[in-house]
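Swiss-Prot lists these features:
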TOPO_DOM  1-10  topological domain 'Cytoplasmic'
TOPO_DOM  32-52  topological domain 'Periplasmic'
TOPO_DOM  74-92  topological domain 'Cytoplasmic'
TOPO_DOM  114-126  topological domain 'Periplasmic'
TOPO_DOM  148-159  topological domain 'Cytoplasmic'
TOPO_DOM  181-191  topological domain 'Periplasmic'
TOPO_DOM  213-242  topological domain 'Cytoplasmic'
TOPO_DOM  264-275  topological domain 'Periplasmic'
TOPO_DOM  297-313  topological domain 'Cytoplasmic'
TOPO_DOM  335-349  topological domain 'Periplasmic'
TOPO_DOM  371-386  topological domain 'Cytoplasmic'
TOPO_DOM  408-417  topological domain 'Periplasmic'
TOPO_DOM  439-457  topological domain 'Cytoplasmic'
TRANSMEM  11-31  transmembrane segment
TRANSMEM  53-73  transmembrane segment
TRANSMEM  93-113  transmembrane segment
TRANSMEM  127-147  transmembrane segment
TRANSMEM  160-180  transmembrane segment
TRANSMEM  192-212  transmembrane segment
TRANSMEM  243-263  transmembrane segment
TRANSMEM  276-296  transmembrane segment
TRANSMEM  314-334  transmembrane segment
TRANSMEM  350-370  transmembrane segment
TRANSMEM  387-407  transmembrane segment
TRANSMEM  418-438  transmembrane segment
Amino acid sequence: MQKYISEARLLLALAIPVILAQIAQTAMGFVDTVMAGGYSATDMAAVAIGTSIWLPAILFGHGLLLALTPVIAQLNGSGRRERIAHQVRQGFWLAGFVSVLIMLVLWNAGYIIRSMENIDPALADKAVGYLRALLWGAPGYLFFQVARNQCEGLAKTKPGMVMGFIGLLVNIPVNYIFIYGHFGMPELSGVGCGVATAAVYWAMFLAMVSYIKRARSMRDIRNEKGTAKPDPAVMKRLIQLGLPIALALFFEVTLFAVVALLVSPLGIVDVAGHQIALNFSSLMFVLPMSLAAAVTIRVGYRLGQGSTLDAQTAARTGLMVGVCMATLTAIFTVSLREQIALLYNDNPEVVTLAAHLMLLAAVYQISDSIQVIGSGILRGYKDTRSIFYITFTAYWVLGLPSGYILALTDLVVEPMGPAGFWIGFIIGLTSAAIMMMLRMRFLQRLPSAIILQRASR
């Protein structure tokens, strides 16, 4: 029991800064929306539309680079720290290549925006302008993620938290300057949010690099001079590990976007209630997602040390802590769901629907916690392909079709509206949790030599 308590302390010490960093990042998006809304409702809508396209694109790159964390954790645990610098440099090359692709997609996103049904031309122009300003921040964001993944792979999660809050604090005045045109800058309205956020991402990257260069704990990693050339073998391995994670993230984000589109014809009350419940459950999701990042670090580190038993301990402890957290957040959600809904909207119909949907959200919080931590465990074992297959099957083969049938058809019961989609979420997330646990159990039953060989690739 003592080993599990000790492991839980280590996991929480790693996870809490990640939680706070994620809150800071979420708050940046909130600040952009609110400050654009302070200028005009059109600018607020433009930022919201632009963000809905930016997120899937940038999260694809973010997911691709998540492969660095278990690679660095495993090298750190095995005492091969001299190889970390080369992996990080290849991570920067990969981030640069992916940034170019993302920037091309975002530059041409105007075709998607202008094809939206009944969209106001002025709104479309502002959304395109916002994206074309924000896309210049894509390299800065992804370079920052490489540097952050380096730190987190070395079990240093506090720098990412600090840089996240620095970015948030800088974002507010820089937004103000570019939205309203102060200190000699042009008045860009909502487009100014894109300029400001792009600048902040570069500032966060430069601040993180400055920290890494000065950190004594990373002195031995900075032993390579000059800029390493692209190493096709290393980059290929990073892509093999990262692409399934990137696709899984992409399919998860697009799932919720598709459901939002399917709910939209049902009426204002249904859309508002669905959005409130989804926004709150997304906030609760930060906890298990951050714990999953910590579990990846611990599992990768233990496998690097050559201890499959300690890796199992880290995995099991992460699951136990995650289930405890999810139980508490589920109780909190059930107990205060009406009061929470009132914070968003005071329309009685909207509040009633949102409270009902939050009850369904509470049901899946334990499953959601297990599946996301299970994904973190599999990343630690470098078993990322299974994450993609499980996520795709659970969300798009099981969850979305069942939700559609329950919400919009009478094949099983009378159309349930938004609640049907939320039952679909429960089916999808529970299926993902079961499959993640089965895969983890399969991996952990393999001979230690095979597990360690797979982890060292």
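Including glycine, each Cβ sits where the backbone N, Cα and C put it.
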Residue list, the transmembrane segment (160-180) vs rest of chain: Cβ under 8 Å, 6 or more residues beyond ends.
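That would be 17-18, 20-25, 27-28, 31-32, 35-36, 38-39, 43, 144, 148, 151-152, 186-193, 195-197, 199-201, 203-204, 207-208, 211.
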Sequence-remote contacts (6 or more beyond its ends) of the topological domain 'Cytoplasmic' (148-159), Cβ cut-off under 8 Å?
14-15, 17-18, 21, 65-66, 68-73, 75-76, 84, 88, 91, 208, 211-212, 215, 217-218, 221, 293-294, 297, 300-301
Counting Cβ pairs under 8 Å that sit 6 or more residues apart, are there three or more between the transmembrane segment (387-407) and the transmembrane segment (93-113)?
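Stretch pair does not touch.
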So are the transmembrane segment (93-113) and the transmembrane segment (192-212) touching or not, going by 3+ C-beta pairs under 8 A with a sequence gap of 6 or more?
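Checked: the transmembrane segment (93-113) vs the transmembrane segment (192-212), no contact.
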The topological domain 'Periplasmic' (114-126): mean pLDDT?
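So the average pLDDT across the topological domain 'Periplasmic' (114-126) works out to 76.
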Report the DSSP secondary-structure composition of the topological domain 'Periplasmic' (335-349) as helix, strand and coil residue counts.
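Grouping H, G, I as helix and E, B as strand yields 12 helix, 0 strand, 3 coil.
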Using Cβ distances below 8 Å and needing 3 or more such pairs, separated by at least 6 in sequence, tell me whether the transmembrane segment (418-438) contacts the transmembrane segment (243-263).
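Contact criterion met.
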Taking residues 6+ outside the topological domain 'Cytoplasmic' (213-242), which of them lie with a CB under 8 Å of any CB in it?
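Same-chain contacts beyond the flanks: 63-68, 70-71, 81-82, 84-91, 93-94, 150, 154, 156, 159, 382, 384, 457.
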Determine how many residues of the topological domain 'Periplasmic' (32-52) DSSP places in helix, in strand and in coil.
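Breakdown, helix to coil: 20 helix, 0 strand, 1 coil.
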Do you know the DSSP helix, strand and coil residue counts for the topological domain 'Cytoplasmic' (371-386)?
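So the counts come to 12 helix, 0 strand, 4 coil.
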Any residues 6+ beyond the ends of the topological domain 'Periplasmic' (264-275) with a Cβ under 8 Å from its own?
341, 345, 347, 349-350, 352-354, 356-357, 417-418, 421
State the residues, same chain only, that lie 6 or more residues beyond the ends of the topological domain 'Periplasmic' (335-349) and have a CB under 8 A from a CB inside it; answer 'none' if no residue qualifies.
269, 272-273, 276-277, 279-280, 355, 358-359, 362
